[in-house]
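S.K.: So that we are looking at the same thing, I have put the structure below in structure tokens.
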Amino acid sequence: MTQDIVILAAGKGSRMKSAFSKVLHKVGGIAMVRRVLTTASTLPESKLHLVVGHQGEQVEANCQDFSANIVWQNDPQGTGDALRRVAPFLQADGATLTLYGDVPLIRASTLEKMTALSNSNTLVLLTISLDNPTGYGRIVRNEQGKVTAIVEQKDASESQLAIKEVNTGILLAPNNHLQGWLAALTNNNAQGEYYLTDVIAMAARDGVDIVTVNPENEAEVAGVNDRVQLAALERELQNQQAVSLMQNGATLLDPSRIDIRGELTTGHDVIIDVNCIFEGKVVLGTGVEVGPNCHLKNCTIGDNTIIKSNTLIEESQVGEHCDIGPFARLRPGTQLANKAKIGNFVETKKAIIGEGSKVNHLSYIGDTEMGANVNVGAGTITCNYDGVNKHLTQVADNVFIGSNTSLVAPVQVAEGAMIAAGSTITKQVGENQLAFARARQTNKDNWPRPIKK
């Protein structure tokens, strides 16, 4: 059955006290509305509609890659009013699923349960029973247990306020009925708004079957109105992701101290120490160990690689059996072949480091192509920038570079060459040559040491 999916994202979100649209605030490193759009996009045969209003330009710009139909609601008058704005774009057949841009943890599996029950004479509601239902619309059922209406908190009687089953706001309605119901909505209520929930009573009146589905947990349908609720959902999501990683064979030394701000994929027997941040798309191979206080962003780490504490890796590719850190920084464009080693206080950028090569301490290697089994001494620098342009340093296999060497790019060092410590290399070094470029040492006898006055 074809579906229209409407995501409501027009609210002002004044309690967030922010210059940004509420739905653009992030949970797990991803804007809430993008999480909802991503989940909605998994449903087949669907057309997305995004209702925007307050700061709608921000929302539209942030979500343009989803190719959703943008519908403006500049003067919001309730959820029913939002659907009425979308009504001209709805397909004649099929059904319309209503979601919310500030309910970011809704699961595709829950929506699939709803769509499985959908047909031209059935309305599907997502409901949940809460110990404290304050603030939610109550689900009213008749003696046979059939849903007959949803009553909002401000319009509910005392007996209705005692009902624990509440409306989550998410519903799936057949389009052949929905158009008429939307046209018949009125704003005769305490808020003076057009409630989408009023279509439930209309469906019951018209003999349409009303069935309910429940989410897996309360967090799945929790909305965000302020930063306290945002923080609570952040913790919930991080806990869910931590549990999933452990169930898939990763060890987290403290599951409460990991932050995943994107997508983290791990092989078996991965070990992650405390206070690590994973941002964007990160892949950790089998047997990878990540020490404490590391930050990995948009990178792939090969099997059995060890990443020691306080290391930053960004937009890099790391091979198998590598050894990185502590206190190392791999900047965008770094590629480490298998068994490469990057030690403490080493920074790389747009650097290809060959198999078995070692940059053990206190070095900067940028815009470099380095072969296999190269040893780079402490304090070595590639001088890649002339003030205007970046230049390439090329180091072939089996090169030994002494400590405190400066390689002034563009420069090439051929296979098997050796560079003496303290050299500044500005010219090509040939195969198996020894290069030294430093001032001659002079020793003066009986030199008088300066005396403090």
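Residue numbers in this text run from 1 along the chain shown.
Cβ atoms here come from the backbone N, Cα and C positions, even for glycine.
According to Swiss-Prot:
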- 1-227: region 'Pyrophosphorylase' (REGION)
- 8-11, Lys22, Gln73, 78-79, 100-102, Gly137, Glu152, Asn167, Asn225, Arg331, Lys349, Tyr364, Asn375: UDP-N-acetyl-alpha-D-glucosamine binding site (BINDING)
- Asp102, Asn225: Mg(2+) binding site (BINDING)
- 228-248: region 'Linker' (REGION)
- 249-453: region 'N-acetyltransferase' (REGION)
- His361: active site, proton acceptor (ACT_SITE)
- Ala378, Asn384, Tyr385, Ser403, Ala421, Arg438: acetyl-CoA binding site (BINDING)
S.K.: What is the number of other Cβ atoms found within 10 Å of the Cβ of Asp102 (Mg(2+) binding site)?
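M.R.: Its Cβ has 25 other Cβ atoms within 10 Å.
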S.K.: Should Leu8 (UDP-N-acetyl-alpha-D-glucosamine binding site) be counted as helix, strand, or coil on the basis of DSSP?
M.R.: strand
S.K.: Return the residues near Leu8 (UDP-N-acetyl-alpha-D-glucosamine binding site) by Cβ distance under 8 Å, restricted to its own chain and a separation of at least 6 in sequence.
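M.R.: Leu8 (UDP-N-acetyl-alpha-D-glucosamine binding site) has long-range Cβ partners Val51, Thr79, Ala82, Thr98, Leu99, Tyr100, Gly101.
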S.K.: Please compute the mean pLDDT of the model over the region 'Pyrophosphorylase' (1-227).
M.R.: 95
S.K.: Measuring CA to CA, name the entry from the binding-site residues Gly11, Gly78, Asp102, Arg331 that ends up nearest Ala378 (acetyl-CoA binding site).
M.R.: Arg331
S.K.: By DSSP, what is the split of the region 'Linker' (228-248) into helix, strand and coil residues?
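M.R.: Its residues divide into 20 helix, 0 strand, 1 coil.
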S.K.: Report the same-chain neighbours of Asn225 (Mg(2+) binding site): residues 6+ apart in sequence with Cβ closer than 8 Å to its Cβ, ordered by sequence.
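M.R.: Listed in sequence order: Gly13, Arg15, Met16, Lys22, Asp102.
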S.K.: Taking each of the binding-site residues Ala378, Ala421 in turn and counting other Cβ atoms within 10 Å of its Cβ, which one has the fewest?
M.R.: Ala421
S.K.: Consider each pair of residues in Ala378, Asn384, Tyr385, Ser403, Ala421, Arg438, all listed by the record as binding acetyl-CoA, and report the largest Cα separation in Å as a whole number.
M.R.: 22
S.K.: Identify, among the recorded positions Arg331, His361, Arg438, the residue whose Cβ has the fewest other Cβ atoms within 10 Å in this structure.
M.R.: Arg438
S.K.: I'm trying to understand the geometry here, so how far is the Cα atom of Arg331 (UDP-N-acetyl-alpha-D-glucosamine binding site) from the Cα atom of Asn384 (acetyl-CoA binding site), in Å to the nearest whole number?
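M.R.: Distance between the two Cα atoms comes out at 15 Å.
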S.K.: What does DSSP call Tyr385 (acetyl-CoA binding site) in the simple three-state scheme?
M.R.: strand
